[in-house]
Amino acid sequence: MPKKVDHQERRERIAAALMRVAADQGLEAVSLRHVAAEAGVTSGMVQHYFPTKEAMMDFAMKSASARFEERMTEAVRKLGDDPSARELVGAVLTTLLPVDEAGRADGRVALAFTSYAATKRTAAEVLGENNADVREFITEQIRSAQSAGSAAPGIDPEHTATALFAMAEGLAVHLLSTGLPAEAAVRALNAQLDTTFGPRRA
């Protein structure tokens, strides 16, 4: 009996290979041939699942977004029961900071995809939706904290969420490209969270 082929697994395998190439060599190195070699498959197989480089990039971007969501979910889970709004927002934003080797690899991929999305409508839509989801989550946490008296009452939740998210992304870029120490990035983010929510709980 012929072995059943898991087509989704093959697509994910190719997408993971693309992300490794992008993380190690940049998007300019991404090609059907290079990705096939990294995935350990033939160029024909890659082209069977992704007729164009753009199709392969779009799928890989969605796969990377799903991986980021998993990291955020795990970061929140580690907070345990009854985390504060500040802890929730801090956990989510800290996942954006490439402070370890795995984070740096994911960060390089995210930075490459952000650049790619600047000129590709489909990729821009995926990135925009993902970013909007994170900003909405932060906005809801700020509103909740304001209702509980644990966030500055005079701030606009949506504007503050946008600023916090943009700050975390900016810190990520500096961590990857300018040698900003991880400790300095974390301190800067925590200082802004203190301004929004007050000092962390002991």
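Here the Cβ of each residue, glycine as well, is placed from N, Cα and C on the backbone.
The DNA-binding region annotation in TrEMBL covers 31-50. Packing against the DNA-binding region (31-50) from elsewhere in the chain are residues 7, 10-11, 13-14, 16-18, 20-21, 25, 56, 59: each is 6 or more residues past its ends and has a CB under 8 Å from a CB in it.
What TrEMBL records for 8-68 is domain 'HTH tetR-type'. Residue counts for the domain 'HTH tetR-type' (8-68) under DSSP, split into helix (H, G, I), strand (E, B) and coil, are 52 helix, 0 strand, 9 coil.
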